[in-house]
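Pulled from TrEMBL, these are the features on record:
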TRANSMEM  12-30  transmembrane segment
TRANSMEM  50-79  transmembrane segment
TRANSMEM  108-135  transmembrane segment
TRANSMEM  155-172  transmembrane segment
TRANSMEM  179-197  transmembrane segment
TRANSMEM  203-221  transmembrane segment
TRANSMEM  233-257  transmembrane segment
TRANSMEM  310-331  transmembrane segment
TRANSMEM  338-355  transmembrane segment
Amino acid sequence: MCIKNKDLQNKIVNTIFYIALTIELIIMIVEKSDLSFSLESYVFRVTFVLSLLCVIIMTHSISEWVLLIMIWSFTFYCYKTTGNNDLLRIAIFVMAARDIDLEKTMRYILIFTSFGFAIISFLSLLGILGSIFVIDDYGHGNPNELRYVLGFGHPNTLFSSIYSILLLWVWNYGKKAKWWHFAIITLFMIIICFITSSRTSIIISLLTIVLTVIARFLPNIAKKDISYITAGFISPILCVIFSMYSAGISHIIPYLWEKDWRSILDSSLTNRIKDLYYSNDRHSGAIETWELFSNRTSTEYFDMGWVRMFYWYGIIPTTFIIIAIIFLLYLCSKEKDIWTTILVISLGTYTTIEATYVSSYIGRNFMLIILGAYIGKWLKGNCISNYHSE
């Protein structure tokens with residue numbers, strides 16, 4: 001679509017994109033609460049159309065159109081094969097984020113999400129919506145374990161929500177934070193880890209905060225290529241290798257000696273590895289259930305996010321996701337963006353154990369917006385986007 005006034009074009013695209021983003025954030029917040037909403041698929045269609053409209057209104061060179069059509073064709077094929085339109089929706093959304101003001105958008109997401117999550121917690125504390133705590137068997141040997149949820153339904157959902165706020169804070173304000181800011185954040189995360197009683201949360205929180213402190217007070221780290229190479233080695237490479245190994249040994253876990261390191265590891269992960277094979281009769285998640293492209297019956301939910309990606313989407317689509325992450329780290333190295341790099345390490349590690357961000361809810365994954373903005377910057381920098389109006 002050709003709009004000669006470039007400022008008007010950008011304004012229209014940004015307005016439509018923010019509408020789509022806001023809808024995705026709202027539906028994500030509603031999903032995390034105890035509210036019942038069964039029309040997500042229709043809402044996703046609306047945001048898909050809005051994102052597609054953004055891309056159509058934008059100005060593209062012939063080379064960029066070829067790239068777009070290739071990506072659309074691939075993700076559409078994935079959709080027709082699996083019946084899952086996540087990758088198609090994500091691809092369009094990432095493209096729609098090409099020309100956004102990234103810092104402004106990330107601050108908007110932080111404020112909007114924080115406000116939404118605060119409402120969920122306050123409603124539960126007031127006894128209006130959702131439970132303050134839940135007593136259940138969480139696999140820790142106590143059938144009546146009490147863990148706080150503050151309206152989020154499950155303690156892991158509560159932590160993942162606070163964890164998202166932590167990552168958004170790191171990206172937006174980590175570079176200027178004072179030591180006492182880190183002290184407050186650390187204390188807050190310790191409290192959240194304590195009330196949710198999550199082993200994963202302790203490790204991930206400390207990893208994220210330590211990396212942020214190092215980047216803040218040792219700024220030369222951001223200038224060294226080894227920082228970004230190391231990041232890529234950790235996430236996605238090591239995370240994927242560990243996930244593949246876990247999926248490969250999931251069937252033998254019950255037969256191992258209890259002091260075998262693999263059995264100990266699985267126990268520390270509350271049987272996440274074993275459950276890849278034994279959680280149902282289809283052995284959903286075990287490596288023998290992976291296919292080059294997934295199928296319409298591979299819809300089971302389980303923890304371990306990288307494994308879920310391979311199972312839900314297929315080996316080839318997930319390989320392209322891994323390549324996209326490595327490419328993002330390459331762009332970060334060129335921009336000396338250590339803050340996005342920290343998010344990649346933290347999220348990659350977290351996704352090894354949890355599948356929160358492997359979801360149909362685009363609003364959960366703010367990394368998609370960062371990826372879109374960086375790709376847009378790269379396209380312009382490499383003269384691929386040769387705007388006719390310029």
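Here the Cβ of each residue, glycine as well, is placed from N, Cα and C on the backbone.
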Under an 8 Å Cβ to Cβ limit, what residues of the same chain, 6 or more beyond the ends of the transmembrane segment (108-135), are close to it? 18, 21-22, 25-26, 29, 32-35, 144-155, 161-162, 164-165, 168-169, 172, 366, 369
Using a threshold of three or more Cβ pairs below 8 Å, and leaving out pairs closer than 6 in sequence, do the transmembrane segment (233-257) and the transmembrane segment (155-172) count as in contact? no
Excluding the flanking five residues on each side, which residues at least 6 beyond the ends of the transmembrane segment (233-257) place their CB within less than 8 Å of a CB in that stretch? 263, 266, 271-278, 283, 285-287, 290, 304, 306-307, 310, 322, 325-326, 344-345, 347-349, 351-352
